[in-house]
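As given in TrEMBL:
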- A:Phe10, A:Ser11, A:Gly12, A:Gly13, A:Gln14, A:Asp15, A:Ser16, A:Thr17, A:Thr18, A:Cys19, A:Met20: ATP binding site (BINDING)
- A:Cys184, A:Cys193, A:Cys196, A:Cys199: Zn(2+) binding site (BINDING)
Protein chains: 2
Amino acid sequence: MNRKKALVVFSGGQDSTTCMFHALEKYDEVELVTFMYGQRHALEIDVARKIAEEHDLKHHVLDMGLLSQLAPNALTHDMPIEEDGGMPNTFVPARNMIFLSFASALAYQIKAGVIITGVSQTDFSGYPDCRSNFIQSMNLTANLAMDEDFQIETPLMWRDKKETWAMADRLGKLEYIRENTLTCYEGVPGDGCGTCPACELRNAGLEAYLKERGNDGVLSNPGS
Amino acid sequence: MNRKKALVVFSGGQDSTTCMFHALEKYDEVELVTFMYGQRHALEIDVARKIAEEHDLKHHVLDMGLLSQLAPNALTHDMPIEEDGGMPNTFVPARNMIFLSFASALAYQIKAGVIITGVSQTDFSGYPDCRSNFIQSMNLTANLAMDEDFQIETPLMWRDKKETWAMADRLGKLEYIRENTLTCYEGVPGDGCGTCPACELRNAGLEAYLKERGNDGVLSNPGS
């Protein structure tokens, strides 16, 4: 494994794009992997592809449509659900464990010694497989599974959104991330719809950071 | 989670069918999960379905065709490979980790507290993700991923093939397993082709066990 080569789990959102810039600063080689599943995938994938292309990075897009087989109604009816547009927004447990299993296997194939994921325990999502204890255990499990020495790096684990914006700024990428990433549940890139929970979290963090930095009031026109 | 309900990772081969009978003896409820992928899947799935039906067990068949996205040639050409019949026999790392991640998520959905897999460190397959250390780490990882208390049970971990046949016999199922399971690389059920590595291992174990039990020479006509 090449310890100077990183594979970034990449959705095209604020967090994983910040991780991408972090990786570009720290490692000699960077590749991206995006997991495609569920209803919102088309727009998210477009955003992710655009960012990958703009930075000339190899971008692996893995179709995870089979996750729908684990949704409760698929199990109840004992048949797969339509993958395109038909998947209801049902809870699939351990989704991040499944994604990191695939990311680890991909890292093995491309000889990347480092896997980077933007999960955060501070802005706790409610998913236990985004917590630090899980990541440490997952890392050990992946290493034992392949007899290798991968490192799963989580640069955002203990950062809140304000601190993630500060990191983006330190990397010189605050404006790029603000304008080009997609976090909004309504599918509005950039500052987003401004009212969904994802926008509220993202924009409150940005506002707090900009206030601290001395640019008060920048978000007075969200969505601009 | 129901600690008297077990989900058996089930291929229709000797080992996982022995695990199925073990589960039927030990647990109140048993369900089976089969992972469908690669070239040989059609016949294996038929055998697995038949055994599941004969024992009136709920049988989850999960399509893992997307594993082909992790095969080296898929990565090289940067596109998915045909799933049906077109998948070359290329190594996908951490396959068992990926399968156990899915099995754990499925166990969560069906509220099975126990996941049973027939991996064995004794008849070492060369895959690190079949070893005991990996299974223990995987178990902890799955529990952390879902904040639950699953037990991954590996009744064959320290048995060689002779001891697995002895277990089948103790369960009263030696003849059933001998006649109805598929282990042979050539796709011949029962005693198989007799010459592929899987048949050699299976039949040598059976012969050794039957000799010990006092049925010398039963395998003088392999394939009968």
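Cβ atoms are placed via backbone N, Cα and C, with glycine included.
Predicted, not measured: the structure shown is a model, and the values here were computed from it.
Positions of the features from TrEMBL, shown on the structure.
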residue: A:Phe10; record: ATP binding site; Cβ within 10 Å: 28
residue: A:Gly12; record: ATP binding site; Cβ within 10 Å: 24
residue: A:Gln14; record: ATP binding site; Cβ within 10 Å: 26
residue: A:Ser16; record: ATP binding site; Cβ within 10 Å: 22
residue: A:Thr18; record: ATP binding site; Cβ within 10 Å: 23
residue: A:Met20; record: ATP binding site; Cβ within 10 Å: 28
residue: A:Cys184; record: Zn(2+) binding site; Cβ within 10 Å: 23
residue: A:Cys193; record: Zn(2+) binding site; Cβ within 10 Å: 15
residue: A:Cys196; record: Zn(2+) binding site; Cβ within 10 Å: 16
residue: A:Cys199; record: Zn(2+) binding site; Cβ within 10 Å: 20
Cα-Cα distance linking A:Gly12 (ATP binding site) and A:Cys196 (Zn(2+) binding site), given in Å to the nearest integer:
18
Where A:Phe10 (ATP binding site) falls in three-state DSSP terms:
coil
Cα-to-Cα gap, A:Phe10 (ATP binding site) vs A:Cys199 (Zn(2+) binding site), nearest whole Å:
19
Compute the mean position of the Cβ atoms of A:Phe10, A:Ser11, A:Gly12, A:Gly13, A:Gln14, A:Asp15, A:Ser16, A:Thr17, A:Thr18, A:Cys19, A:Met20, which form the recorded ATP site, and then list in sequence order the other residues of that chain whose Cβ is within 8 Å of it.
A:Val8, A:Gly118, A:Ile177, A:Thr181
Other than A:Cys184, A:Cys193, A:Cys196, A:Cys199, which residues of the same chain sit close to Zn(2+)? List them in sequence order, counting a residue when its Cβ is within 8 Å of the Cβ centroid of the site.
A:Thr183, A:Tyr185, A:Glu186, A:Val188, A:Gly192, A:Gly194, A:Thr195, A:Pro197, A:Ala198, A:Glu200
Using C-alpha atoms only, work out the spacing between A:Met20 (ATP binding site) and A:Cys184 (Zn(2+) binding site) and round it to an integer in Å.
19
Using Cα coordinates, what distance in whole Å links A:Cys184 (Zn(2+) binding site) and A:Gln14 (ATP binding site)?
10
Measuring Cα to Cα, how far is A:Cys193 (Zn(2+) binding site) from A:Gly12 (ATP binding site) in Å?
17
